Amino acid sequence: MPRFGDLCSFLVSTLCLCLLLADCVKGQCQVPLVKTGIELTDESAGMDTFPEGSSVTLQCGKGYSKTSGSGIIHCANGVWTDETLQCQKKSCGSPGDLLNGKFTTPDGTEFGATAHASCNRGFVLLGTAYRQCYDFGWNNRIPLCEVVKCGDPPKIDNGTITSLPSGELYVFSEIVTYTCDRNFNFVGDSQLVCNEDGKYNGTVPECKGLNCPTPIIEHADRIEGGPPPYKLKYFVVYKCRDGYEMKGERKLVCEANGWSSDFPTCVKVPSTTKPTTTKPGVPTPPPTGKPTPPKPGVPTPPATGKPTPPKPGTF
């Protein structure tokens, strides 16, 4: 059995060791709590506790830059001294100029922000539509805004395209102009416009043969010109029937906008002979002028009515 003296010596040694360990633990510091944008250097980052009197160095984190203060703090009585290091987010500046488009930066241009790219009307984006602000600056390349192309315009019968594109193809807002061949006219518009969706607006124009309507003229007959259809430069001549008089042009020519004049009309001619009328109770006046002498060799017709008595003194 151990002696009493040895037991007392062991207990005293153990007590002294515990007191020494308590003092050591009491003076240690835990991992320091730092502000956003500040971090421990690599040498101190892997430690869980720091002994009394030790010091660590703080630094600005990724995407932050130092503005003032010192990065060194000390462990004193289990507490870290105040940190004076000040760090702020790095700015990436402008995300760049986007030709025929623009960047929008709703979150600013500092570390962690995103810039969104968009193109103007009639242009399409080629590339990544955003850029992010990193520690080294903006990532991704500036995209391109390419003008919308409409491809080859449709061809039409009896007509040709008279306009030319600025390049190999028609692009946004450019106009395709058509012209009809001779003796043909447009049905609809003569132009198409390249839209922002890469398609031509409107209906493809048509060129149809020009015909004038058949004239309808009452009481008249065609005396020159052929039967319908009447194409450009064709002509007809009309004549009114007996008893009718023509008002307007007798000759009509088929032109680009229709007949050369309005259709003529045939108006009935009024009668010029008036019947003789005698009012009741009014005697007919005697004939005037000298009697016509008889021609030689022609017997005089016998007188009618009562005989004329002889004058006195004649036999």
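Backbone N, Cα and C atoms are what each Cβ position is placed from, and that goes for glycine too.
Going by TrEMBL, these are the annotated features:
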type: SIGNAL; residues: 1-27; note: signal peptide
type: DOMAIN; residues: 27-89; note: domain 'Sushi'
type: DISULFID; residues: Cys60-Cys87; note: disulfide bond
type: DOMAIN; residues: 90-147; note: domain 'Sushi'
type: DOMAIN; residues: 148-209; note: domain 'Sushi'
type: DISULFID; residues: Cys180-Cys207; note: disulfide bond
type: DOMAIN; residues: 210-268; note: domain 'Sushi'
type: REGION; residues: 270-315; note: region 'Disordered'
type: COMPBIAS; residues: 270-281; note: compositional bias 'Low complexity'
type: COMPBIAS; residues: 282-315; note: compositional bias 'Pro residues'
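Distance from the CA of Cys87 (disulfide bond) to the CA of Cys207 (disulfide bond) is 75 Å. Distance from the CA of Cys60 (disulfide bond) to the CA of Cys180 (disulfide bond) is 75 Å.
Listed in sequence order, the residues of the same chain lying 6 or more apart from Cys87 (disulfide bond) and placing their CB within less than 8 Å of its CB are Lys35, Gly37, Ile38, Cys60, Gly61, Tyr64, Ser65, Lys66, Thr67. Around Cys180 (disulfide bond), taking its Cβ as the centre, 21 other Cβ atoms fall within 10 Å, counting all chains.
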